[in-house]
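For reference, the structure is listed below as structure tokens.
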Amino acid sequence: MMERRRMDAALLVLFLVHLATALEVPLDLPQPPTITHQSPKDYIIDPRENIIIHCEAKGKPHPSFSWTRNGTHFDIDQDPNVTMKPHSGTLVVDISRAKAEQYECVYQCTARNKHGTAVSNNIVVRQSRSPLWSKEKIKPIVVQEGVSLVLPCRPPAGLPPPIIFWMDNNFQRLPQSRRVSQSLNGDLYFSNVLREDSRNDYICYARFPYTQTIQQKQPITVKVLNLDAINDTMAAFYNDTDLFSEDPADERKPTFLIPSGPSSSKMVLRGQVLEMECIAEGLPTPAISWTKNSGDLPADRTSYLHYQKTLRIVNVSESDAGDYRCTARNELGSVYHTIHVMVKGVSVMKRTPSPALCSIFMTLAPYWISGTPKNLVLAPGEDGTLTCRASGTPKPSVTWFMNGIPIENSPKDLSRNVQDDTIIFSVVQTGSSAVYQCNVSNDYGYLLSNAFVNVLSEPPRVLTQANKVYQVIKNHQALLDCASFGSPIPKITWFKDSRSSTLDGDPYIHHDNGTLEIHVAQAHNSGKYTCVAGNTLGIYENHVYLEVKDPTRILKQPDYKQVQRGRSVVFECKVTYDPSLKPTVTWLKDDGELPDDERLIVGFDSLTITDVTENDAGVYTCIMNTTLDHDSARAELTVVGATPIPAVVYERPDPPTDLELTDKKKRSVQLTWTPGDEHNSPIQKHDNLVISWKPLTGLQSNGPGLHYKVMWRQKLMESDWTKVTVANNSKFVVSGTPTFVPYDLKVQAVNDYGAGPEPAIAHGYSGEDLPVAAPENVHAMLLNSTLSEVHWDPVPSKSIRGHLKGYKVYYWRERSLHKHNPHHVEKQILTFSGNHTHGMLPGLHPFSLYSFNVRVYNGKGDGPPSPDQQFETPEGVPGAPTSLVVTNTNMDTLTLEWNPPHDRNGHITGYTLKYQPVNNSNELGPVEELALPANATSFTLLNLKYSTRYKFYLNAKTVRGAGLAISQETVTIMDEGNTQTPHSIARSPPRRPPHKARPVSPFGNVSSSSGEDGTLISWEYWGPEKNIYVEYIVKNSEGEEEWQKELVNGSQNVMLKGLKGGLSYRVRLVAKGHHDQPLHRSEELLVLVPAVTSRQVDIATQGWFIGLMCAIALLILILLIICFIQRNKGGKYPVKEKEDAHTDPEFQPMKDDDCTFGEYSDNEDHKPLKGSRTPSNGTVKRDDSDDSLVDYGEGGDGQFNEDGSFIGQYSGKSVSRETAEGHESSEAPSPINAMNSLNSFV
């Protein structure tokens, strides 16, 4: 019943949306442009990706597009980095050759055709910024046990603001509770501190969403002291500060840390999210509760965060305004704070300077009162109105434009009368079509909307599909569409069947959009309906059909069952439904899916469970679905202990009883019966021949006593016809026929006056059975290391014993050809429909032994398999090494240890090790590469830089090439006097020591490695179970959160792509056997997914750059030597004059008097290269996505004045300005005030 109510509610919502659909002009008719898609007003972009500024429009003819930038025409053809998509106004800015900040501007799109011009909003493009945290030295915080504490975060102001979270040095989230929690601004609050709060790694992290970069604050050290335990020595060590003269913190009643004072105010926008927080200190820890003074909290829209300290209400409405009270209470007392909430429209907020109250004065940007102006389609001589009604504080002004030009400057039109926020059109004429823009603005924002006036003379047309069939369930609502268009607007009239009269009054309801509603449809409402659309220029009619169907109902519901363990049980679920609808049955157990167990057999109207166990107990639900409705019923199963089982005697089953004919129709009948006793021998099949025909009409019977003579015989046998007489039916079932045998069939009509004409012979088949033969000549042809082609000869038709459906290839990986890889037996199936004689097997594992067989199948099922065949796949590239661990780290040496790949895919021929330093700005240095032998599992690197982070890449090789690399990072020790444990960015689990005997768990060598494509989990497995899956969950997640599962049958590694960077996960392997066997789990593996960091290479460390500088220095040295020789030779020989007269042009820039180059100047073109980026393979790549924000700057010319205009034209800094500013950091751009006019129209 509840499900039916939800369905009715959904239909009501769909009906309301259906009626509210706006009138659309067909695109084959002339019409002005309409903007259909545009980028948001405040458009924040990722500076690492190409900029896409959307502008899509429709119209007839299709509109052309142009753009303005900062209020002036933007010539796209003159900018090689900007292109416009074909048949669109969308701009694509290629930033591979330019920086994103050059395109931080205000853009506006114009779409025009001969009927008018539409314009977009002002689109302010700004790049996302993730500034670095300012360097600061944070002194340790020493506090007394029991007092409150606030750890400030104060992240850098990014665009958009970052997401804040607290973690420790191991990238594990710091535990939070009712005592310790994070506030909305990111600070960490302690209601009271305990001794266990002492630690030196309270780290605040800021994640910037667009660039997906994470910045961290310097770690904060907190020391919590218990003064009773401090002796005089400790007091002397801490210099006898005043801290030790205080008494220990006593228990106390709560007081609020935030907000301050007894009350505060808060304003929220209508439709937005309201968040209020109250954090209190006290000992014992206070509990927070919330109430609303003027009524109850909206339960369906209210939630509590941060251990009840934050109250959150979504989709705020005016009813949410009022006073809210948060109360903090512990054993010693309570305190409360009142928050006055105001709900307003779109607003800009200004805070008062007073710290005592959080009052917020409110100024409202404009917002629509009755929606945006609507398009007008008028016939010549008609009247119409455009309304642009909005409000705001202060009251906004309304400005009208026509085709992008202020309306006072547009051509005069006597039919147009502008009255403030309304334009009235009277007796419009052909040629008056245009697009009107309404701009509503005040000091805090603007609204812009386009609406066209299209003057057309158009006869009516019906847009609803012709001959559309509507199907509804009896006693439900029926809606018949008649969407139309015409100018003038057509009038809609409905008729049914013979069109004897219009459909008016009960039970019909006419809607303005032409829809005909029948509130409660009955069977007699079925039929043909005609809608006629007419105006002064003509009429148009369309036919639709309504079919009212019988509801789906469960006649015999499943009953409560109590069954002994080991026996079978059957739940019946017999249903009646409309014969034209095909129902499907779904069974649930305890409101979830049925277990994947072959003991559970689902029939059309029953569920059978064989060999019942205690795990089968529960509630079973039968759901019958059709395309229009459904019905459900449920019953409970109780399993009890087994009793001694007597000897089983197998006998033939009894015949069915209670044969009934139900649901008699003109051309069909439903047979139902009660099965006879099976006598412990379940009924296997009924092979029948079903003969059906189209009965004669009353006129065709040509007399009384109509009946039929049904005749049949086997087609290939010279046997006599078997005959039977059937009356009042159009179907006859011949039982006990051979399997899938062709028959000749005849049905002759007979009445009291004799037999009708001799009928023609028809042909048919009796029931199918499983095929009895397997394909022969089965063999495989290898195409490459992962693809094979299987061939077979077709099975003879007589052995198929049914209609041929196709062939199935069963194949499985027996084992890897490498001795260290375990056995694989998981079978896979590929189906090839039709009479195929070959098929492809994709996705094979290289260097493996496969077995396969082929089977034919018909409508009954699979035939026997062919004899198993085998083939071996050749070698391929290997997988990534299973682990890479850094050990024995010293000042300038360290050792790398690794395990070979699980998927060797061939014989390992060696390893390639690459490594490079990473500086404090996360910039990668030059890459060193080493070739290592195939039998190596460790390597020691010498002569490294101390106190330096290094990144390592290791991959294995076969004869087919190199495989995926595993990466690792670590830091060498600073010096001998300040040693510390190296901190790995991406940890790998410790290596397992070899075992001589298998452990209890069937899993071994579980390891992980992180790469660009995700986190690779690898393992070894030697158990018999076939169902293997990996489970993972975020470490320190809430207790209600479930483990995520991923099925990995037949494999020994899986790539987890859904793990989030910067988080730690608990991962484990699970092997599932038979239903009564326990699960086998591996030990949990802690996997830290490294956060994505920007990489930038220091150009000064690149080999090509050093070589270039050396070449330039050598060239200068040669030129200086030549200059010196010239001066020494000058004036001594007569040939000098000739040399002076024929000087080589390449030496013209050189001045003879001072040996300098006359044309050389140290300008900007000779500055060192900036912003180059180098990937891990050492090649320079301009468009690498791992950018550093140094490339994009943090301010500069891309600033705005208070009126919203840009400072400068993004043309770069001049030489003088560059010199003057030096290395000063530029300020962040000022906020952009909303544009209150169409600046492109001036």
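Indices start at 1 and increase along the chain as displayed.
The backbone N, Cα and C atoms fix where each Cβ goes, glycine too.
Any TrEMBL annotation is an automated prediction that lacks curation.
Residues annotated as compositional bias 'Basic residues' in TrEMBL: 989-998. According to TrEMBL, the compositional bias 'Basic and acidic residues' annotation covers 1135-1154, 1215-1226. The compositional bias 'Polar residues' annotation in TrEMBL covers 1233-1242. The feature domain 'Ig-like' is assigned by TrEMBL to 33-120, 131-221, 254-342, 366-454, 460-547, 551-638. Under the heading domain 'Fibronectin type-III', TrEMBL lists 674-769, 774-876, 880-976, 999-1092. The feature region 'Disordered' is assigned by TrEMBL to 976-1009, 1135-1242. Positions annotated as signal peptide by TrEMBL: 1-22.
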Structural state census, the domain 'Ig-like' (131-221) (DSSP three-state): 3 helix, 36 strand, 52 coil
Highest-contact recorded stretch vs the domain 'Ig-like' (131-221), from 33-120, 254-342, 460-547, 774-876, 999-1092, CB pairs under 8 Å: 254-342
Proximity verdict for the domain 'Ig-like' (33-120) and the domain 'Fibronectin type-III' (880-976), three or more C-beta pairs under 8 Å: no
Model confidence over the domain 'Fibronectin type-III' (774-876), averaged pLDDT: 88
Feature contact check the domain 'Fibronectin type-III' (999-1092) with the domain 'Ig-like' (551-638), CB under 8 Å, 3 or more pairs: yes
